[in-house]
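Participant: According to Swiss-Prot, the record shows the following:
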- 1-28: region 'Disordered' (REGION)
- 2-48: region 'Required for ATPase and aminophospholipid flippase activity' (REGION)
- A2: N-acetylalanine (MOD_RES)
- 2-49: topological domain 'Cytoplasmic' (TOPO_DOM)
- 49-348: region 'Interaction with ATP8A2' (REGION)
- 50-70: transmembrane segment (TRANSMEM)
- 71-325: topological domain 'Exoplasmic loop' (TOPO_DOM)
- C91-C104: disulfide bond (DISULFID)
- C94-C102: disulfide bond (DISULFID)
- C157-C171: disulfide bond (DISULFID)
- N180: N-linked glycosylation site (CARBOHYD)
- N190: N-linked glycosylation site (CARBOHYD)
- N294: N-linked glycosylation site (CARBOHYD)
- 326-346: transmembrane segment (TRANSMEM)
- 347-361: topological domain 'Cytoplasmic' (TOPO_DOM)
Amino acid sequence: MAMNYNAKDEVDGGPPCAPGGSAKTRRPDNTAFKQQRLPAWQPILTAGTVLPIFFIIGLIFIPIGIGIFVTSNNIREIEIDYTGTEPSSPCNKCLSPDVTPCICTINFTLEKSFEGNVFMYYGLSNFYQNHRRYVKSRDDSQLNGDSSALLNPSKECEPYRRNEDKPIAPCGAIANSMFNDTLELFLIGNDSYPIPIALKKKGIAWWTDKNVKFRNPPGGDNLKERFKGTTKPVNWLKPVYMLDSDPDNNGFINEDFIVWMRTAALPTFRKLYRLIERKSDLHPTLPAGRYSLNVTYNYPVHYFDGRKRMILSTISWMGGKNPFLGIAYIAVGSISFLLGVVLLVINHKYRNSSNTADITI
């Protein structure tokens with residue numbers, strides 16, 4: 001049926017009303033908000049208001065950057081690469097798959113003492129834990145101790161979901177590629193006798209991961225029975241219930257395992273391996289001197305052109321060593337201050353000139 005055209009209907013924004021009915025309209029309500037009549041304030045950016053902002057930013061950012069940079073430089077840190085691809089490296093012999101297990105020793109010297117608690121990290125390069133399929137290759141329900149997920153893992157774990165017709169625990173590519181080198185640190189005394197450094201392996205994982213996200217399957221005191229019917233990941237040397245003799249650090253709640261399962265965002269990363277606690281305020285945690293690093297070499301990285309390293313580091317109120325943050329603050333503050341000076345010169349030069357318009361920014 002044809003509809004008669006009515007100019008008033010177009011203005012009202014709707015069809016004519018039916019006899020006896022109310023008029024329908026799409027016109028917004030006549031309010032300040034819907035009609036965009038709210039009061040507004042728009043600042044006029046003049047040299048007198050903008051220039052102080054540039055100088056204030058510069059005067060704030062530069063001292064902060066200097067403080068962060070100096071603090072970062074005061075952090076003691078040493079890296080020992082033990083990949084072993086160089087023929088002269090003590091770990092070069094471990095690249096052969098026939099040498100199992102392989103133990104190599106790297107000697108190094110600390111020029112300055114390490115005060116306070118010392119953190120030992122392992123670092124990997126050219127390892128892309130941020131790959132989409134790799135990140136998804138896990139079953140969080142299984143890791144949280146769910147009994148049904150233990151025997152029937154998620155399909156996201158493929159191709160590391162089942163092996164030998166048994167479900168893998170823990171399943172997935174992340175768990176299958178867990179770092180498994182063993183690192184031991186020794187201080188070489190005056191009599192050239194190695195003194196072992198106590199390495200604490202508990203307290204390296206996030207509290208929320210240890211107590212919330214990761215749990216062993218329910219059951220009795222025998223952890224092996226709780227994982228009955230499952231098999232170890234393909235690349236693991238032992239099952240998950242044999243990761244540690246300490247029952248509070250075994251199975252899915254093993255802290256080395258928990259740390260590894262928190263994937264890194266970049267291909268070059270470090271993960272906390274051990275803690276070296278300070279025993280006395282009278283003596284440094286790691287005195288200057290000669291040390292040796294004993295490595296049980298299990299984790300091959302040369303297949304993907306990767307590298308491995310051990311890092312010893314102290315920390316400060318801002319965390320670990322990170323000179324970039326201080327440099328960034330100094331750079332932003334310097335650029336802001338320099339722009340303020342340039343704009344101040346331009347404004348001073350042309351402010352009283354009658355041949356040019358007033359400069360507004």
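Keep in mind that glycine also has a Cβ here, set from the backbone N, Cα and C atoms.
A description of the local structural setting of each listed feature is requested, covering burial, neighbours and distances.
Facilitator: Summarised as a single figure, the pLDDT of the region 'Required for ATPase and aminophospholipid flippase activity' (2-48) averages 68.
C91 (disulfide bond) carries neither a helix nor a strand DSSP state and counts as coil.
The Cβ of C94 (disulfide bond) has 24 other Cβ atoms within 10 Å, all protein chains considered.
Spatially close to C171 (disulfide bond) yet at least six residues away along the chain are R138, D139, Q142, P153, S154, C157, Y160, R161, P233, judged by Cβ distances under 8 angstroms. In the three-state DSSP scheme, C171 (disulfide bond) falls into the coil class.
N180 (N-linked glycosylation site) is surrounded by 15 other CB atoms, counting those within 10 A of its CB over all protein chains shown. Annotation note: N180 (N-linked glycosylation site) sits in a coil segment as assigned by DSSP.
Under a cutoff of 8 A between CB atoms, and with a sequence separation of 6+ in the same chain, N190 (N-linked glycosylation site) has no neighbours.
The Cβ neighbour count for N294 (N-linked glycosylation site), using a 10 Å radius and every protein chain shown, is 15.
Residues 47, 50-51, 54-55, 57-62, 64-72, 359, 361 of the same chain sit 6 or more residues outside the transmembrane segment (326-346) yet have a Cβ under 8 Å from a Cβ within it.
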Participant: Under DSSP, is N190 (N-linked glycosylation site) helix, strand or coil?
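Facilitator: For N190 (N-linked glycosylation site) - judged by DSSP and reduced to three states - the answer is coil.
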Participant: Among all chains shown, work out which of the disulfide-bonded residues C91, C104, C157 has the most CB atoms within 10 A of its CB.
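Facilitator: Of the disulfide-bonded residues C91, C104, C157, the most buried by Cβ count within 10 Å is C157.
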Participant: Taking the Cβ of C102 (disulfide bond) as reference, which residues of that chain separated by at least 6 in sequence fall under 8 Å from it?
Facilitator: C91, K93, C94, T296, Y297
Participant: Determine, from DSSP, whether C157 (disulfide bond) sits in helix, strand or coil.
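Facilitator: DSSP assigns C157 (disulfide bond) to helix.
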Participant: Roughly how many Å lie between the Cα atoms of N180 (N-linked glycosylation site) and C104 (disulfide bond), rounded to a whole value?
Facilitator: 15
